[in-house]
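Student: Not my notes, these are from TrEMBL:
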| type | residues | note |
| --- | --- | --- |
| DOMAIN | 25-129 | domain 'Phytocyanin' |
| REGION | 132-151 | region 'Disordered' |
| SIGNAL | 1-25 | signal peptide |
| TRANSMEM | 158-178 | transmembrane segment |
Amino acid sequence: MYSSSILSLLFVCIFSLLILHGVSTGFEVGDGITKGWEVPALKHPKVYNDWAEKNRFKVNDTLHFKYKKDSVMVVTDSEYSKCGSPQPLFFANTGDTTFVLDRPGLFYFVSGVAGHCQRGQKMIVKVLDVESPPQQSGDDTAAPDTDKKSDASRNTNAIIGGFIILLIVVGLNIIGFLV
Ligand SMILES: *[C@@H]1O[C@H](CO)[C@@H](O)[C@H](O)[C@H]1NC(C)=O
């Protein structure tokens, strides 16, 4: 009885911590299906939207794009349909881009390389709005230097995650000794 109430308390604490901190998830774009961000195979032109539909994205989750001689752009709905933008909301061509999904709603990703988007290198990501109401600040999509910040936040989350696991292990051991 005594130990099970300690256990319950421990879990309540852990879940409160998780909820308060809003642990974010890092996604590898095309994970397990493509070799990163590239022109899809002819027989599977919708590979990125299929991948995105299989995942649930929340605010502050990150997308990691790995690519060669290519680029990542975030564009508007209509630019997505046209596969082009004179002034993308976000642009990166470093080959390694971490993008923070910093608001709920839709993000439109396309390749900036001529012809690639037309061949299916594009993706719509829907970010769920569970914890906070939608923000009406449409155009403040991450600037290129947000990349570093997101890595930092992912590391923080990893540290907190590790700490929580440690807490569980230590907690279970203490309970083990008490019983
Ligand atoms: C997302 O991250 C920002 C900056 O770290 C933070 O202020 C905000 O509360 C976070 N939002 C959610 C829903 O976790």
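Note: Cβ is positioned from N, Cα and C throughout, glycine not excepted.
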Student: Going by DSSP assignments with H, G and I as helix and E and B as strand, what are the residue counts for the domain 'Phytocyanin' (25-129)?
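Tutor: Output for the domain 'Phytocyanin' (25-129) reads 13 helix, 35 strand, 57 coil.
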Student: Tell me, roughly as an integer, the mean pLDDT over the domain 'Phytocyanin' (25-129).
Tutor: 96
